[in-house]
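Trainee: Residues or ranges marked as transmembrane segment in Swiss-Prot (evidence: sequence analysis): 17-37, 55-75, 93-113, 131-151, 168-188, 194-214, 221-241, 245-265.
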Amino acid sequence: MFDWLLEPLQFEFMQNALLTALIVSIICALLSCYLVLKGWSLMGDAISHAVLPGIVLAYLAGIPLAIGAFFSGIFCSLGVGYLKENSRIKEDTAMGIVFSGMFAIGLVMFTKIQTEEHLTHILFGNVLGVSHQELIQSAVISAIIFCLIVFKRKDFLLYCFDPSHARVAGLSPKILHYGLLILLALTIVSTMQVVGVILVVAMLIAPGITALTLTKSFDKMLWVAIASSIASSLIGVILSYHFDASTGACIILLQAAFFVIALAYSKIRIR
């Protein structure tokens with residue numbers, strides 16, 4: 001059994017993959033708890049699709065894809081905020097049209113590019129092909145996100161529960177709103193190499209809802225989310241190696257399985 005688990009570690013590309021999955025899983029789990037409490041499941045899905053045009057433009061310009069993805073996500077988030085504040089359109093409606101339009105633009109640009117192999121990995125993930133440089137990039141981005149979440153943990157928590165209460169407490173809901181959006185965009189940039197922009201929303205939601213099903217306090221929710229996210233990511237990478245399956249799909253399937261188990265356990269515990 002141990003030989004089966006340790007066999008992938010003899011290869012450098014698997015070491016990079018496991019480290020990247022570990023780093024990204026922790027950040028996704030932390031942010032997932034806030035997104036679930038805030039009800040931003042659609043926001044994570046929307047931004048993950050909206051980064052595609054930025055990725056294509058960055059590829060054409062010869063700059064790091066992460067830069068294009070980040071600014072594309074932020075641009076669309078600001079666009080949704082502008083529509084919400086300056087029209088009668090509700091936020092979820094604005095997200096639907098803006099981010100779907102951006103993804104469509106990205107797909108059109110994507111199909112016109114001659115060399116598509118690397119960009120295909122961005123769509124569906126390719127953690128087994130992560131280079132040492134990409135590992136460092138994910139680690140740096142994740143460290144920034146981790147520090148910001150820990151530093152503003154209570155402020156974000158208060159904002160997610162009650163923006164009006166946050167305003168009374170002397171905080172700026174608008175700053176916290178866009179701050180959370182920036183963290184979300186950064187997390188998507190860091191995660192897209194693992195599962196791709198299409199499946200990244202699952203990593204941003206599944207750990208949080210699994211933990212919410214099992215716990216009643218936010219601190220416990222964070223720990224359970226981190227544990228389930230790490231377990232699904234590491235086991236998913238190992239399973240994908242042995243069964244020659246899509247790594248991103250294996251990770252997401254395990255997270256879905258953990259949620260089903262958690263939901264069943266919570267129902268049994270209530271009885």
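Along the chain as shown, the residues are counted starting at 1.
In case you wondered, yes, glycine gets a Cβ from its N, Cα and C as well.
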Trainee: Test of understanding: applying the rule of at least three C-beta pairs under 8 Å (pairs 6 or more apart in sequence), is the transmembrane segment (93-113) touching the transmembrane segment (55-75)?
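Mentor: Answer yes: the transmembrane segment (55-75) meets the transmembrane segment (93-113) with 3 or more Cβ pairs below 8 Å.
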Trainee: Counting only pairs at least 6 apart in sequence, do the transmembrane segment (131-151) and the transmembrane segment (245-265) share 3+ Cβ pairs under 8 Å?
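Mentor: No, the stretches stay apart by this measure.
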Trainee: Against which stretches of its own chain does the transmembrane segment (17-37) lie, if we need a Cβ under 8 Å and a gap of at least six residues from its ends?
Mentor: 8-9, 43-44, 127-128, 130, 134-135, 138-139, 142, 145-146, 149, 156-157, 160-161, 180, 183-184, 187, 190-191, 193-194, 203-209, 211-212, 218, 221-222, 225-226, 228-230, 232-234, 236-238, 247, 251
Trainee: With Cβ-Cβ distances below 8 Å as the criterion, list the same-chain residues six or more beyond the ends of the transmembrane segment (221-241) that contact it, or say none.
Mentor: 5, 7-8, 14, 17-18, 21-22, 24-26, 28-30, 32-33, 127-128, 194, 203, 206-208, 210-212, 214-215, 247, 249-255, 258, 262
Trainee: Six or more residues beyond either end and a Cβ under 8 Å away: which residues meet both conditions relative to the transmembrane segment (168-188)?
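Mentor: Sequence-distant neighbours of the transmembrane segment (168-188): 27-28, 31, 34-35, 38, 40, 43-44, 47-48, 51, 69-70, 73-74, 77-78, 81, 141, 144-145, 148-149, 152, 155-156, 158-159, 197, 200, 204.
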